[in-house]
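S.K.: Here's the feature list from TrEMBL:
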COMPBIAS  745-755  compositional bias 'Gly residues'
COMPBIAS  878-906  compositional bias 'Basic and acidic residues'
DOMAIN    38-152  domain 'Cadherin'
DOMAIN    153-265  domain 'Cadherin'
DOMAIN    265-379  domain 'Cadherin'
DOMAIN    380-487  domain 'Cadherin'
DOMAIN    481-587  domain 'Cadherin'
DOMAIN    603-702  domain 'Cadherin'
REGION    47-69  region 'Disordered'
REGION    745-770  region 'Disordered'
REGION    865-963  region 'Disordered'
TRANSMEM  712-733  transmembrane segment
Amino acid sequence: MECRLDFSVLILSTPGGREARRNLRIILADENDMRPTFPSLVPVELREDAPAPGPTGLRLTPADDGDGPANRVSNYSLLDPSGTFGLEVVLERLTNGSQSRVPVPYLTLLKALDRELLPQYQVTLVATDGVHSTSAVVTIRVGDVNDNAPVFEPNLMESSFPETELAGYEIRALTAPDKDFGENANVTFAIGSVNPPSLAEHFRVGSESGGLWVLFLARQLDFEAPEQRSAEVLVIASDQGSPPRSSTGTVRISVVDANDNKPVITELYSYNLEEHQPPRVLVKTLQVTDADQISVGRVNCRIESNNMFRLEPNGSGAKPGAQSERLTFSLFSATSFDYEMTQEELVTVGCIDNASPEKVTRVEYRVPIRETNDFGPVFDQRNYHVSVPEDLANGLTVQVVKAVDQDRDRFGEVHYELDEAGSANFSVDARSGRIEVRGRLDRETAESLRFTVTARDYGGKSDTATVVVVLTDVNDCSPLYTGPPAFQVVENSPPGTELGRVSFHDPDSGANGSVTFAMLSDTHNVANEFLRLFSNGSLVVAKPIDREAYAKFYVEIEARDQGRVSRSSTATVQVDVADVNDCAPVLEQPSPGSAVGSERTIVYTNLPPGSPILTVRGADRDLGDNGTVEYRLGASNASGLLSIGLDTGRLATAWDPETAPPAAGTYTVLVLMRDRGRPRQLSGRGEFQIRLTPPPGGGPLGRLGSAGFNGLVALVAIVVGTAVLATALLVAICRVRASGGVVGRGGGSGGGAGGARRRQLAAPTDEDEEAGLKAAAAAAAAASTASGPEASAASSTYYAWQHPGSPLGSMLRDGAEKQMYRPLFVPDCNSSLLLPMDQMGTACIRQLGCTSPRPGLQVYPSQSDVMASRQYHQQHQPQHERRRSDEEDAPSIHDSGRGGSVEDFKTAQQQQQQHHHQSHHPPMGTFTVPASVASRSAGSGSGSSGRRLARQPDTAASAGTMI
């Protein structure tokens, strides 16, 4: 930055006579003639916990210098005699936007601060411009940090006061200075704990108006309560810093005893004083206590009235140092007394504790004079007799007895009491002698009651008398059943058979105890129909009883006495009917004539031996062994295939699916049942049907699928082998086509040509087998290379190979060399129709590997169609397994899609041609027709149904079939 003056000069006259203009610039050069100056400096503050050594971040006010930039302040220095602070000069940009940098002083801390040691520092800041220097004093105030806790002075404080001090008494002022400043030094107090804890409510802390904190007595203490004689109060002093700091101090309090209790006189024992006794009879024993400690050894007692008695101390009182006084005194008579002259004496005893202030206690005692017993009570008669009805109510009077004593007052008073026998049924009024009923009287228990009554005075003298109470009968008892609780009768017993006798008892006497009984005439009780009760108590059979209808009876019998007011009762007697083996077992489950093996219960022909099918249940209405059923199988077409548990009725398989599997179909099961009755056994029989079903996914391939990991390995190996065979078949078909081997369709050649072709096909060659495999491979290749609508249908679905009885499964059977794969439909060489295999010419068949359209494979548009097709096939396909030659059923080309043997085909072809018009579905083979091809064939009159292509009618009787 420089100071300059720019101006223009106009020259009016020049040697040439022309005006001239010249621009001039005057630059002022700066001189260092200005001294740096500090503005008014304000004190700065730094917390005492600032880290040292290190920067503080405090920016000191820089000095001003009026010179130019080159002559302005160039450096700062700091003078600190304590060596606590240093200076760091930082170059900073000016705030006016200039790019120039000026030095700025920042304060640094060299040593740690402690406000409690030195709260303020003064240092000198010196600014220099290289020539001139200026200094200023900077005040640094140390900001307080709450690093000191209040401290009690002293930590243990002691205080004592008399127990007479009331609530609000100032026990001790609390001080705990805090070296910090401000709120950090503002100390408050609180009680932390009190020992013992029961005295916590006796103390509190508070602040007076002047700010002084005091420990107050909140509730008066009692020295006489040992737990209140001393206490320790833990006081907490806390400052108001953040976070606050605190410390604790203990105030130990001692309570001083004061004479605030009077002596207490207690009567320990009292004794009788009888007339005419000599002097010095012990009348009373007194105990004197004083709870004040200062009264120990100072209590004195004396008789203050009635010199006919004396008071003597026992022992020497409390020992020195005892916390309270405890004395005993004996009160004796000093003379002899006469009851006729005086009946009692009054004695006043006074005790004083002789402490300051004195406390005095006075107690007045009554000393009765007892009279001696000269006479005893005497009854007015020795024996009392009375008759009462047994139903006399509780509390009514039976008899009044009386005895007289000639003594006066207490010894003349008589009280009455009964002995144990009398107290069981009666009570007596102790003063009047009135004897009353207590509880319930019962003549049936005792006809008369005899007991003793005693009259006794208070002197212990007594007299006795005898009382006899005779009870008269009342009809208060109902007849009670005493016969057997139950009877038993054998079913089918003839009328008149006696079961036993019933009996009743009435403890009343005379007519009140005479009982008659009969069966209740209840029309709803079936026992009245089969049983009869006679007046002598005999219970007999009225008509034969069938236990299966009635296994148990309950006979209701009413008994009635002959009292004037008759009483009755009812008894229920159980009659059990014993079983006789008179019922034969009958088949209950499954119901006779029903069919088993369909819907929920499906019995497959490949079940292993011993597989449970169902549990046969026979019903026998008899009991025990008579109703226990044994099961056997009777002769039927299923008897060799099944077994049944003798006791359980568990029906299980008995065939061996590997060696002798049963044929699928319906069988009749005959079950023979017999009970275990004695002495004779009854038997029954029942029949039902059982349906055996071929297994789902049957054949060797199905068994492989359930053979676990090993079966899976075998399955993979078979699939690979099948692929190889299919490839070989495709090659064979092409070779046959190339060789030109053709067999005519025989459309007009008649039956002879058809027969010739059958003979030719009856002995298939290796070339035929190879050609068939090649045809299957060509069909799969054509499906993958199709275009147009067919390709669209093929790409959204998948080919399904009928699993049950597939060619793969067929080839695993023994004699697989006789099994050949056979597609159901192939394309006609002369049209676009798919025709049944047995209607195609051999020559055309041999060309199918090289021509279009391809052999049809059934295509399912969705997974649900696949499942529906599988379910349909499982429900309708016949047994797919090959039988042994000695068990061969009629062969069928319907056998689950496997190729039949040559022997099978000869007979099965004729059956197939007769029934294919009535069939609801085509013969099940491995390959069927795609939906697109089927619809196209249907439009051409092929006779297809749905997505499954039905077989076409034979177009020529001589049409040959390729195997």
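Yeah, the Cβs are placed from backbone N, Cα and C, and that goes for glycine too.
TrEMBL entries are annotated by machine, without manual review.
For the listed features, I'd like the structural context: burial, neighbours, distances.
M.R.: Across all of the domain 'Cadherin' (38-152), the predicted model scores a mean pLDDT of 87.
In terms of DSSP helix, strand and coil, the region 'Disordered' (47-69) has 1 helix, 8 strand, 14 coil.
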S.K.: Between the domain 'Cadherin' (481-587) and the domain 'Cadherin' (153-265), are there three or more C-beta pairs closer than 8 Å, counting only pairs 6 or more apart along the chain?
M.R.: no
S.K.: Checking distant contacts: for the region 'Disordered' (47-69), what same-chain residues at least six beyond its ends satisfy Cβ-Cβ under 8 A?
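M.R.: Same-chain contacts beyond the ends: 1-3, 30-39, 41, 76, 86-88, 100, 102-115, 125, 127, 129, 134, 136, 138, 142-145, 147.
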S.K.: Looking only at the domain 'Cadherin' (38-152), how are its residues distributed among DSSP helix, strand and coil?
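M.R.: Computed counts for the domain 'Cadherin' (38-152) are 3 helix, 54 strand, 58 coil.
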